Amino acid sequence: GKDGFCPVRAGLFPSYDCRAWCWHDDECPHEEKCCLRGCDSVCLPPSREKPGICPLAEEAPLAPCGTSCTKDWQCPGTEKCCSSSRCGYVCSAPEPDKPGECPKVRPQHPREPCT
């Protein structure tokens, strides 16, 4: 594949065609990558933001700080540049994004108060 990553927000656009406009990065022009968007595979300009989300868990008080960074592309492999309460911005293993779509209608909650 080509350098860069599929845009993190690419899957948030509604799509109803469900077609594969591409199968591999090398089918896309210039530096574009073949990315899943909704249920389509399309050619998109690459992002340097890696997929996944920064972990929320607090690090152990005596754990060594990871490699310092300012952007995802500075981190090795799949690690992302994440804010740390003790260490500033450091490279961290990401938590996976939750795939799927948000509900179109907000679920109804019972009108009774919690007891």
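Cβ atoms are placed via backbone N, Cα and C, with glycine included.
The structure displayed is predicted, hence computed values, not measured ones.
Per TrEMBL, compositional bias 'Basic and acidic residues' is recorded for 95-115.
Look at TrEMBL and you will find 1-46 (among others) tagged as domain 'WAP'. Over the domain 'WAP' (1-46) the predicted model carries a mean pLDDT of 80.
Counted with DSSP, the domain 'WAP' (47-95) comes out as 3 helix, 14 strand, 32 coil. Annotation comment: TrEMBL describes 47-95 (among others) as domain 'WAP'.
The annotation region 'Disordered' is assigned in TrEMBL to 94-115.
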